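K.L.:
Grabbed the feature section from Swiss-Prot, which reads as follows:
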ACT_SITE  D317  active site, proton acceptor
BINDING   I197, G198, R199, G200, G201, F202, G203, E204, V205, K220  ATP binding site
DOMAIN    54-175  domain 'RGS'
DOMAIN    191-453  domain 'Protein kinase'
DOMAIN    454-521  domain 'AGC-kinase C-terminal'
DOMAIN    558-652  domain 'PH'
REGION    1-190  region 'N-terminal'
REGION    669-688  region 'Disordered'
Amino acid sequence: MADLEAVLADVSYLMAMEKSKATPAARASKRIVLPEPSIRSVMQKYLAERNEITFDKIFNQKIGFLLFKDFCLNEINEAVPQVKFYEEIKEYEKLDNEEDRLCRSRQIYDAYIMKELLSCSHPFSKQAVEHVQSHLSKKQVTSTLFQPYIEEICESLRGDIFQKFMESDKFTRFCQWKNVELNIHLTMNEFSVHRIIGRGGFGEVYGCRKADTGKMYAMKCLDKKRIKMKQGETLALNERIMLSLVSTGDCPFIVCMTYAFHTPDKLCFILDLMNGGDLHYHLSQHGVFSEKEMRFYATEIILGLEHMHNRFVVYRDLKPANILLDEHGHARISDLGLACDFSKKKPHASVGTHGYMAPEVLQKGTAYDSSADWFSLGCMLFKLLRGHSPFRQHKTKDKHEIDRMTLTVNVELPDTFSPELKSLLEGLLQRDVSKRLGCHGGGSQEVKEHSFFKGVDWQHVYLQKYPPPLIPPRGEVNAADAFDIGSFDEEDTKGIKLLDCDQELYKNFPLVISERWQQEVTETVYEAVNADTDKIEARKRAKNKQLGHEEDYALGKDCIMHGYMLKLGNPFLTQWQRRYFYLFPNRLEWRGEGESRQNLLTMEQILSVEETQIKDKKCILFRIKGGKQFVLQCESDPEFVQWKKELNETFKEAQRLLRRAPKFLNKPRSGTVELPKPSLCHRNSNGL
């Protein structure tokens, strides 16, 4: 029966994988719903205060670029050539073949440079033209050939064109998407969890599918009780910090994180899914690798280490078991549980796997940095070639003996190794850090320039254009059966109780990596969500011709901010009523959709503005003269933060002015005032 369950789990998992690759959006079981366009009023303030509304910030985000491009191509005629030119250059930069680059560069030159030069309409500098002409004439077509144009294109777009974008519906849509991104609160309900694919010291790894996009991920779940039992809180939190450091910027050679969240019992990391097994497994199945095969894995691992070291992260656990292959056979470094940030202080802890640890790591109290990873790389490459660590002779398991050999023995390299390979390993396995390859100040560049890698096109490596020596079998789960992986003994943690102070440790654990979420969305449901939202908004605009545009009331007035909030209403204060609010310097006004009355609360009636909680939801509480209360709730985190801030500041400023005002202004008034509905002018859907 267990065998049948394992087979069914494998089939379900493989089917989910195939469908996710083909049409991930079709696998989405939930829908992303964008907020109404009026969210712009709040989000524009929220983002501006965090310096997020600049040309560079928006243009360099995936969703921001797509919306800006859409605006330029459809609304601004003079921007069309620049945007198309920019996209052509970006496509050119991805080419890995010099012949292809030469052909494409000439096409770009003819279409976007020569054509405009002949018509005397070329808007770019003479230096940019001469740079490209000079390199093309010598057939020097590097991936950075058009870089001067990239800079000048961006400069031409960041002025009036960007300002017009900021006033457009496309910027409103950007605000809608950012509101969704900044209000992500993940739970297990957001994922369909498939079979177990691995297990570690604190928990298991599962294949899973994200419900609202259909994308497949690996979910690493750490058990909070097991962490507490083993006093592993620092390790667990450190892994989340290290993953957040290395998961920004494109690096195809690290198993990166897109989300982190926690439940009452688990810490969950949502990671890149790797289906090809690890190098330790393939070493046991395939046997030792040739120099050429090893070189392939070495180049990809070096770029992964380079990405970490550039962010001042030392990995500290490089070994074949931690190198995972994707379905095509390309390698990624996984499991950053022992990684460490050395930007402010160098580590000196003795951690890692015996047989791969550098001498300075074994010498307790000795500080080290990225130097340790280059030694470990030498150990790992030796194992791929010989089947064992250079310091683990005759399959010894005595850790003290392995450490003693690491600290004292000079590795003897077989005569079958090429001179270049011997030189590489001798350089990496130097016990003296000052003599070690990669530790002379040049870091990864020193290693990449070694003669063993002569002829390697590192851009080719980065773009994953070299054919992998080993392609994992398709249609198979390259992981042990669930029965073989096993499970934890629940009796171990039976007596462990999670207290409030334990949960408090994880209050800042949840995280969304913005660029990776945007990449996920744009690859899957972005176009469908935009199309659905356009239809909904068109219907609402048609309806609002009769009802009046709620946001229009703010136009031409001293309105600070406006938008929807939930008001605790009815005589018993038990129901939340959705209303449209307008904040002015001296009052807060609101009304329901289509209502003929406008309600009013003046600043002089308010005694205080406070934060409170109702059923675990953050709320804004107004204490009003006469012992009354007025409670508001927002529909997203950014809205709550911004409304709370603006209401507090407006209230304080009003109090300051009232203290200076003549006494007759302080005559008592009733709690709320009903105003006649003002006449509204029609407008577009920008939300202002």
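The backbone N, Cα and C atoms fix where each Cβ goes, glycine too.
What's the neighbourhood like for these features in this structure?
P.N.:
The Cβ of D317 (active site, proton acceptor) lies under 8 Å from the Cβ of D335, G337, L338, A339, V351, G352, T353, Y356, S376, each of which sits 6+ residues away along the same chain.
Note on G203 (ATP binding site): other Cβ atoms within 10 Å of its Cβ, all shown chains, come to 22. Annotation note: G203 (ATP binding site) sits in a strand segment as assigned by DSSP.
For the domain 'RGS' (54-175), residue counts in helix, strand and coil come to 94 helix, 0 strand, 28 coil, using DSSP.
Residues belonging to the domain 'PH' (558-652) score a mean pLDDT of 91 in the model.
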K.L.:
How big is the ATP site in terms of the longest C-alpha to C-alpha distance among I197, G198, R199, G200, G201, F202, G203, E204, V205, K220, in angstrom?
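P.N.:
Binding-site diameter by Cα atoms for ATP: 15 Å.
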K.L.:
What are the non-local neighbours of G201 (ATP binding site), defined as same-chain residues 6+ apart in sequence with CB under 8 A from its CB?
P.N.:
R226, K230, G232
K.L.:
Just how many other Cβ atoms lie inside 10 Å of the Cβ on I197 (ATP binding site)?
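P.N.:
Total other Cβ atoms inside 10 Å, all chains included: 24.
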